[in-house]
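Working notes, beginning with the structure itself.
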């Protein structure tokens with residue numbers, strides 16, 4: 001009997017112990033939850049594309065150490081984030097495709113902090129969350145992934161010399177988080193220092209001041225997963241950089257490869273892979289850079305970034321240019337041989353004031369970067385290259401704006417200047433609208449108040465908000481305060497919150513612009529341009545002419561136009577691709593081979609996206625759809641991840 005009672009007591013004790021264990025475990029889980037997530041959870045984001053919480057302090061400085069492992073397409077790294085003051089509480093950072101090894105309070109290195117990584121969001125990636133206790137800094141040890149959306153690791157055949165590897169970043173719009181943990185929003189400006197440990201036969205450039213190239217120092221790589229032995233091996237060298245001015249994370253940039261350079265001015269070097277032909281071509285194309293810097297200073301105030309260097313990247317670079325401070329990245333497609341590529345330099349230079357110095361607070365206000373910069377670019381071009389050249393630039397933009405309105409006729413939200421991008425990938429809605437509609441808005445204000453008054457306004461605007469990130473409402477309040485009564489003359493709400501093109505937008509007026517548009521209209525009547533009429537045309541004239549031709553036209557007209565002027569073989573990709581798009585729209589299949597070659601030799605989204613879209617949109621084009629899928633399968637790995645994603649979206653939608 002006693003044995004039976006003992007068994008009953010034992011069973012009940014086990015049951016109670018199990019219940020007690022479950023209860024205590026639930027308390028522990030709840031304790032961890034509250035330790036890691038504040039009482040105001042859910043988060044209070046400041047940006048629809050970031051997990052950055054408005055109640056958390058923003059880092060003021062980041063110290064980075066990178067060990068580049070080319071065979072694995074990986075960077076083993078550390079990031080030391082410094083806060084403005086000691087802080088106790090949770091902190092959330094943006095990450096994407098990063099392997100976090102540990103999170104450490106530098107003052108308590110023996111006790112790594114607990115952290116949580118959220119499930120990945122398809123647009124924003126993950127948020128890394130941990131809790132600090134009276135700490136003013138935090139150290140994160142991590143490694144990047146070969147699938148990092150910001151990094152492209154080029155194999156030897158993808159480089160110019162085909163002998164040494166190459167890697168570069170493209171962090172705009174929300175890809176810095178795939179290189180280092182950060183508050184990846186333009187609202188969070190930050191200074192940084194970086195040590196790049198690279199193979200000795202390579203060199204590095206950054207969007208920062210170069211401090212030194214030196215041998216590794218024992219101990220400085222000990223915390224990294226790669227270890228100090230690899231860091232200090234004989235075949236390695238360290239390049240040190242510092243960015244002393246606060247910049248948004250998307251302007252973080254580096255490139256590592258076999259680099260050479262040419263001096264083209266007191267503040268400018270042209271870098272590229274060490275290929276003399278590329279360097280000489282770029283030096284010739286961008287010879288007027290110093291003149292443009294001086295014109296920019298005359299218009300907008302001092303150039304505060306000290307140097308304006310340029311790096312010509314390999315063909316896979318997905319954009320025409322990226323305005324990284326001190327080191328603008330450009331595509332080799334802008335080397336046109338006629339100095340017209342300098343207009344791209346004018347645009348990226350103008351960002352030194354509008355975009356880099358004053359930045360849109362979130363991508364929903366992207367026009368504050370690009371509309372202002374397009375206006376500033378055209379003012380610089382007008383001063384350096386003349387009014388006719390600026391008018392052609394405006395005319396091409398005017399035509400492009402109308403094309404974008406047609407493209408987004410079923411998604412009018414993105415035809416606004418002030419947009420709602422909640423749940424929207426900024427790469428998916430990238431367009432010319434913020435550039436051209438933003439330009440038109442500022443041009444409308446200039447016409448209303450006069451250029452002298454508007455120039456004074458611009459200088460005051462830049463001086464007031466330099467090194468700040470602002471939104472549309474902040475700009476409009478400043479506009480109304482400094483140009484009193486402007487809201488009575490220009491419908492500011494219609495321009496910033498309305499869809500489409502406002503009725504008081506303005507087509508450019510110039511003799512050369514009017515002549516080219518008239519010649520394009522005559523094409524409808526079967527009249528081709530005479531060779532004497534186009535003898536002095538450069539790429540912009542041809543681009544404007546082709547953009548204004550009707551669509552479609554007879555395939556025989558396409559063939560005749562090309563037989564006269566060899567447009568399909570043009571070295572100016574703006575001309576070539578515009579012609580190929582006309583041929584596709586006109587069902588002229590004679591140039592599908594040239595389309596395929598073009599898609600395989602360039603990586604710039606401006607050319608890839610419209611060509612792929614033209615091949616697959618609509619019905620009755622099965623041959624073109626098959627071609628698009630075959631070409632993408634063959635060329636995919638040569639494209640930057642940003643370009644890959646954009647093309648996959650198009651093919652998934654239409655194929």
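The backbone N, Cα and C atoms fix where each Cβ goes, glycine too.
Within its own chain, residue 348 (active site, proton acceptor) has 310, 321, 322, 323, 328, 330 as residues 6 or more apart in sequence whose C-beta sits under 8 angstroms from its own. Annotation source TrEMBL lists active site, proton acceptor at 348.
Look at TrEMBL and you will find 435 tagged as active site, proton donor. For residue 435 (active site, proton donor), the same-chain residues lying six or more positions away in sequence with a CB closer than 8 A to its CB are 367, 370, 371, 373, 374, 397.
Per TrEMBL, Zn(2+) binding site is recorded for 347, 351, 370. Neighbour count (other Cβ atoms within 10 Å of the Cβ, all protein chains): 24 for residue 351 (Zn(2+) binding site).
Annotated domain 'Peptidase M1 leukotriene A4 hydrolase/aminopeptidase C-terminal' per TrEMBL: 511-651, in sequence order.
Cβ-based neighbour count (10 Å, all protein chains) for residue 370 (Zn(2+) binding site) stands at 23.
Shown in sequence order, 323, 348, 350, 354, 355, 369, 372, 373, 374, 376, 377, 435 are the same-chain residues outside 347, 351, 370 whose Cβ sits within 8 Å of the Cβ centre of the Zn(2+) site. Per-residue pLDDT, averaged over the domain 'Peptidase M1 leukotriene A4 hydrolase/aminopeptidase C-terminal' (511-651), rounds to 96.
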